[in-house]
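Written out below as structure tokens is the structure these notes cover.
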């Protein structure tokens, strides 16, 4: 049979699309491209080393079987990683195929999924909308999404624990709960627990008060998969950290999967025991960044299709351009716009919706990224320096000015500003603003630099309350 490598790979993809789940196909199979077919060997290129390793370990035999059936004789498959400088050519564009159909409207699961042999039934409390099919993958989240799916497919193997970090409203909880849904779909009898750190702490306190520590330990250590959200709130809680450390060890040694989410990496969580930092870092740390414009537009388009709404492209682009911080704000803006148009009877256009989203022109003047970029330019540091924990004098001063101008030029709260600068505490932001205000009156050079950044950003001199 005479066939080119691209033709063979295309036919293999078509065959596998019917045999694999949609998240699996979209994450691992669709992005790979064929780079050659010679002497019975099909060479594939994956977007990165992470994807190539996963394909080799989990799907090469499946691909070889499908290829052999199509080609009529055995086919060897080799997988390589795309070079970093050309990786963008491999990453697939966002298409309508990535947009899933709506799920049931119920918000959370209500039935127990733990087997009756367990010490107690564990209610996952998962939001039915938080599944892989409803997660829009962009450059900001591709690694975290792939890691989450890998863990869902093979828990307790490669990435244990999986530590997902990123700012507020970027999709950490969505990915965590998607892992839980995936496992329960494969095995409805799996013991899955999704808990916030606050819930874990409260359960621990109640166990201590009621002399129920053994029941507490049995409950958490009997899980097959534990999903722990907002682990940053464990900071400073010594006894909670102690108990979580032992729970972590018990689960990890038993080969149970642990998934943790935080707004910052383990090393940046204040007052976190070194041994927990070590445990949290021993698997894979997957970071989620703020989505770019194209991803934000894809998110809005997906939400509109799920709600069966037809929105003009310029309105989607307008909303995506105005709300850049996180996905919750983005979807919230769309919800407000739809409600406004429905109540007033006005058409869904930029002209009719813009005044509601930005009353009196007093909305967000600049984006956080613009502030960081311009301050970095004027103060001769890098944006990475601004978000780092570096205490070098030049970096520290630039970071303080960035926080000061972000408070003036955006509507972000102090905690949100802190998150933008690598997860700094809101008290750090307050201190930075106070220091800059004090120095402006006595440091002409600083005043000149601040004026220059303000001019570049066109920020007025008012102080937001």
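Quick reminder: no glycine exception, Cβ is built from N, Cα and C everywhere.
In Swiss-Prot this protein carries:
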{"type": "REGION", "residues": "1-73", "note": "region 'Domain I, interacts with DnaA modulators'"}
{"type": "REGION", "residues": "73-124", "note": "region 'Domain II'"}
{"type": "REGION", "residues": "86-116", "note": "region 'Disordered'"}
{"type": "COMPBIAS", "residues": "106-115", "note": "compositional bias 'Polar residues'"}
{"type": "REGION", "residues": "125-341", "note": "region 'Domain III, AAA+ region'"}
{"type": "BINDING", "residues": "169, 171, 172, 173", "note": "ATP binding site"}
{"type": "REGION", "residues": "342-465", "note": "region 'Domain IV, binds dsDNA'"}
Set of same-chain residues at least 6 away whose C-beta sits under 8 angstroms from residue 171 (ATP binding site): 135, 141, 144, 288, 327
Near-site residues: ATP, ref 169, 171, 172, 173, CB cutoff 8 A to centroid: 166, 168, 170, 174, 175, 261, 288, 326, 327, 328
Residues satisfying Cβ distance under 8 Å from residue 172 (ATP binding site), sequence separation of at least 6: 144, 164, 165, 166, 229, 261, 262, 288
Cβ-Cβ distance under 8 Å to residue 169 (ATP binding site), same chain, at least six residues away: 325, 326, 327, 328, 329
Residue 169 (ATP binding site): secondary structure state under DSSP, collapsed to three categories: coil
